[in-house]
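Q: The structure that follows is given in the form of C-alpha cells.
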Amino acid sequence: MAQLSPLERWVLTLLGTIGFFAIWQGVAASGLVSHNALPTPAEVLATAWQLSFEPFAGHTLLQHLAASLGRFAMGFGLAALVGVPLGLAMGRWRLLDDIVSPIFEMLRFVAPLAWVPFAALWFGTGIGGPVMVIFAGALPPCLINAYRGAKLVEPRIVEAAQVLGASGPRIMAEVLLPGSLPSIVAGLRVSAGLAWQSLIGAELIVASAGIGYVMVQAQSNLAPSIVMAGMLAVGVIGLALDVALRRTETLVKARWGQA
Amino acid sequence: MSAPDLSVQRRADAGAPAPPRAARRLPRFGIGRRTLVGALSLLGLLVLWWVLTTGTGLVAPYRFPSPAEFRGALDQFVTDGYAGGTLWVQAWHSTRLVLMGFAVAVVTGVPLGLLMGVSPRAEALLNPAFLLVRPIPPLAWIPLAIVWLGLGDAAKVLVIWFAAFVPSVINTWTGVRGVDRTLIAAARVHGAGSRRLLTEVIIPGALPMIFTGLRLSLQASWTTLVAAELVGAFFGLGRVLDAAYRDINPAMITVAMVAVGILGAATTRLLGEAERRLIPWRS
C-alpha cells in the first residue's frame, strides 16, 4: 500500500471526476438507454436553471426549496428542543432513564417513514404532517448524544454544584449542557442529515409543495430531467447543511471540548 | 437511525456500582431494578392506551385505535388479508425485497470498499464519484427508479441497493484503513503473499467495521423499502400502510407499523448473531 505522490493523486482524482461525467454522457448519448430515461448532465443543469425561474407544480424551484427548508427547520428545531433536554435529564436522573428507555427503544425500530400515515391523519398534509415525520427521523440522535454527553460529565462537578446549592434546572443548564455540548453538536449533525432525508420521504408521499413534491410530480409526468434536477437540488442543499454543521462542530469542539 | 444504540452504553453502566442514593430509594429485587422499572413503564403505557381510547374515549377512534380495534385489525389481516394479501404474504414480500436489495449491496459494496482501502490508486480514482453521489439521500432515488423501472419489485431492489451500498463501502474502506500497519508489515516479512495478506490479515482486521456498515445498510434498507412502497407499490407492508391511510383505518396502520418494527428488529438481531459467530473475539 504505497503512498501516492500528490501529483499522482491529483491526476487520478481529476480522471475520476471526468470519468464519472464521461460515462454518464456516453451512456445517455449512445442511445443504449432511451433518451427519455436518462438525460445528459448538461440537460439536467439546464433544467435546474430553467426551473429556477419557470414554475413547475405550482411554484418555481426556489419557492419549493424555501417551503422544504421551512418544514426542515421546524421539524429539526422541534427534535432538538425535545431531544436534547430529555436526553440530558435521562443522563442525570436514573429513574427517568429507566422509564423512558424501553419506550424509546421500542419506537426506534419503527422506520420514521412508517409514521407518514399517522402524521397525515393527525396533522394534515400541509406543514404539520411532514414536520412530524421529520421529528420522528431527527429525534433519536439528538436524544442519544445528549444522554451520552451527560453521562460523560464528571460526577464530581455535578456534586460540587449540588453542594453549592444549585437547583436541578440550573445544574442542567449550567453544568450538564456546557459539559456535553461537543457530543450534542455531533448528534445534531447526524440528526440534520436524517431530518433532510425524512423530509424528502414525507414530501414524496404526502405534500402539495416542496422539493420532494416536485420530484414525484415529475415522476408522474415521466420527466427524468426534472427528477434529476430535483435530486441535484436536494444534494446541494444537503451538502450545504452538512458543511455548515461540520464547521459549527469544529468551533464548538475548540471552545468547549474536553480532552 | 444511524446512531449507535443505547444498549451497549447500558451494559457498560451495569458493571459500575449504582449510586447509593438510587439504591436506597428502591429496594433490591431478584431481577434487576432496571428491568422492573422498564416493565412497569411499558405496562403503564398499555394502561394509558386503554384509558385514553376505551376507558374515557379522550382519543377518537379515527385518530388512534383502541386495543380491541387493534386486535380486530390484526385478526382480519391474518385471516382475510388486506390490500391484496394476508399478513404473512405482505410481510414476506417486503422482507424478500429488503434481503435481495441488501444482498446485492453487500456483494457489490464490501469488495469495492476493500479495493478502495487496499489500493490508493483505486481510492483516488473512485472517490470523486462517491463525493458527487453521496449527498443525495437514498430516498431521493425513488422517483427516478420508478421512472426507469415502474412500480414493480425491480425498482424497489434498485433503490434499496443505492441506500445500502454507501454504508457498506464507506465502513469497509474505513475498516481496511484502520488495520494496524505493523501487522501488515509483520505478515509481509513472514512471507505472506497479497492473497493471504488480504484473507488472513486485512479482512479479519476490518471485519468489525464491516459489520457496523452492514448494520447501517440493513436499517437503511428497511427505511427505504417502506418509503418506496408508500410512494407506489402493488404489494408489501408499505402498500398496506398506504391503503389503510386511504381507508382511514388507524387500526390497520398500527398493525402494519408494528409488523415493520418487528421485522426490522428481527433482521437486525439475525445480523448481530452472524457477527457474534464470525468475530467471537470482538465481545
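Here the Cβ of each residue, glycine as well, is placed from N, Cα and C on the backbone.
TrEMBL: automatically predicted annotations, no manual curation.
Note that the coordinates shown come from a computational prediction; the quantities given were computed from them, not determined experimentally.
Taken from TrEMBL, the feature region 'Disordered' covers B:1-21. Per TrEMBL, transmembrane segment is recorded for B:31-52, B:97-118, B:130-151, B:157-176, B:222-241, B:253-272. Per TrEMBL, the feature domain 'ABC transmembrane type-1' maps to B:91-271.
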Q: Per the 3+ Cβ pairs under 8 Å rule, pairs at least 6 apart in sequence, do the transmembrane segment (B:222-241) and the transmembrane segment (B:31-52) touch?
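A: These two stretches do not touch.
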Q: Take the C-beta pairs under 8 A between the transmembrane segment (B:157-176) and each of B:31-52, B:97-118, B:130-151, B:253-272. Which stretch has the highest count?
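A: Of the candidates B:31-52, B:97-118, B:130-151, B:253-272, B:97-118 scores highest.
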Q: Excluding the flanking five residues on each side, which residues at least 6 beyond the ends of the transmembrane segment (B:253-272) place their CB within less than 8 Å of a CB in that stretch?
A: 64-65, 70, 73-74, 77, 87, 90-91, 94-95, 98-99, 211, 214-215, 218-219, 222, 226, 237, 240-241, 244-245
